[in-house]
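K.L.:
Let me give you the structure first, and then I'll get to my questions.
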Amino acid sequence: MKLSWILDILLTSVVVGYLLLAPYTKVEESFNMQAIHDILNFGVYPAKVLENFDHKSFPGVVPRSFVGSLFVAAVLKASDVFFSQSVGYSILTNSEFGQLHVQVMARGILATLNILGFSAIRNSIDAIVYKERKTRRGVVGFFFLLLLLSQFHLLFYSSRTLPNFFALPIVSLAFSRLILGDMSGLALMAFAGVVFRLEVGVFASVIALVSSFGFGQSPVTTNFFMLAAGALVGLALTVSVDSYFWGRWLIPELEAFQFNILHGKSVEWGVEPYSAYFANYIPNFFRPPHVLALAIVGLFHDPAHDGSPPKLDKNNNLIITHPARNSIRVLVFSALIFVALISGQPHKEWRFIIYIVPILTLSAAIGLSHLWWKRTASLAHKLLLLFVACSFLLSWSISAFIAFVSSFNYPGGEAISYLDNYLFKNPPQQNITVHMDVPACMTGVTKFTELHDSAITFDKTENKSAVLKLWKDFDYLITTIDMNHPPQDVVLDTTSWELLEAVPAFAGINPVGLITTVSTVVKDSKSRNAFVKSVWKDTKNWEPTTLFNLLKNGVVLRDFMFVYKRVSEDSLPIEEYAPLPEEEKEQNEEPLELKQEPLEEVEPQAIREALNEEIDAVEDILETEFSQEAEQHA
């Protein structure tokens, strides 16, 4: 279609808009983001510079690959060299106000790769549509991008440095080749599986088997040669790169497989029934479920089919007249089998199956294209297309609202940005230390968000005994503890600290408040005129303030993160920054009495994962609640 370029711009705008709306990161993204920061700021050679890297202090449960981070950092560095030579100004070394802009640029590079991947899929499907072999109008590709626009997970996370979304551009490129019948796409998926996420390799193996034995698309020997070739290249790359950064010979994905699967440790992060992916996660990708309904329609139509009847050779084997014949069906059935296979793993997360979303969307685009080509003047057909259009608009509205609400899931990032601004305006006259607790580090704090000032030390010590020893040295705190209303089992000298800022976080949704506000704006002429004028003013200033204030009426926020400044020394020796062990409580007549014994060790990783699960659940809860409330007030 001639308007496809408009969808390219819209798709890019939505992804970039989501990035700017929530520029901070969650804990799963932190490894790659910290690695990008460290590579840019410390370099990679000689090996002793690696001692400054974040993974040396916070290695995580299992090692992760540096390959994606190294690539993004290399692109950033090359861009900075070009920019510096062109205008004489470095975007990396300007550290007066931190490097959040560099973090945004890093995410922008990953977003660009994912957008290019989606475009590659669009181009491939348009190339094989037999019905348009002469006109090349690109209807299926147009509807593919259109349906992508209404989805939340795929676009919101396209710029986020999760291993899955480092793998996704490669997987999308692989799909674009497999759609054409080019089995080299299997090599790309095998490469991504070995380097980034092992489940991609499982997916590739399923495609290889379904293609050969299910549809006779290509010989099984050819398919597994491609898998082996991609895996060997990936293996050589990950061993050489990651062994250097980790300081020992290793394959990160192999160690993750041993930890999570062979040793069964993944169940410690939660288990769900076998049906969870099919019953919960896949429907949550597509709300309302018009994409799923259209995907079923799409299965009955092969875009590469030329209309000729099937032909058999002398051995009664199906003759494939075009390499792309049944390629979409191969991918769809493989996606379903892949999900069925990994459903056997008790621990489930939506990002483990995110790769099936482009495939199901593509099948839906084929189904929608068929309805479009077969459209008639009948009322029923018009109503059907109108229903699809309304469902798309509702889906896009829900996704946009979820993205807006999700921006409140990063209070740690907002808190450190506030403190950066405060310290920038009030430069310290001596060396100071800022302590950030575990929830702060999990909800947006990265090295990119820290001021690069030699007078400021940013501390994220997790061990509570170590925190107690350093307590007197902390000049600023970013913490979830509200000193005006501290928990009963937490002892702090609150008189020593001044509250600088309380940062809110998502606590629920209030559709009634949003609907009431919108109704007032629509019905009341004064409110409507004031709203239009305010929006027009925002438009001229490129600010969404009015719209955001309107949407806030549908969100319930509560103070979650607090920024404190030390104003005096502690009046008593603070020995408690956490609950006392139960055995110590029983020995004290006064439960809050201060003691000199060291505190019981805690498991920071347990805190990290528990909080992260709560943050991850917000989108799913929001989708369900919003849909239910919308139905009630429809």
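A Cβ is built for glycine as well, from the same backbone N, Cα and C atoms used for every other residue.
So TrEMBL lists these for the protein:
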TRANSMEM  6-24  transmembrane segment
TRANSMEM  138-156  transmembrane segment
TRANSMEM  162-180  transmembrane segment
TRANSMEM  187-212  transmembrane segment
TRANSMEM  224-245  transmembrane segment
TRANSMEM  328-346  transmembrane segment
TRANSMEM  352-372  transmembrane segment
TRANSMEM  384-405  transmembrane segment
REGION    577-603  region 'Disordered'
COMPBIAS  581-591  compositional bias 'Acidic residues'
K.L.:
With pairs restricted to those 6 or more apart in sequence, evaluate whether the transmembrane segment (162-180) and the transmembrane segment (138-156) have 3+ C-beta pairs under 8 Å.
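P.N.:
No; fewer than 3 Cβ pairs under 8 Å.
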K.L.:
Output the single range from 138-156, 352-372, 384-405 maximising the number of Cβ pairs under 8 Å to the transmembrane segment (328-346).
P.N.:
352-372
K.L.:
Taking a Cβ cut-off under 8 Å, which residues six or more beyond the ends of the transmembrane segment (138-156) line up next to it in the same chain?
P.N.:
1, 3-4, 7-8, 10-11, 14-15, 18, 22, 118-119, 121-123, 125-126, 129, 132, 284-286, 291, 294, 303, 350, 354, 357-358, 361-362, 364-366, 368-369, 372-373, 392, 395-396, 398-399, 402-403, 406, 619, 623
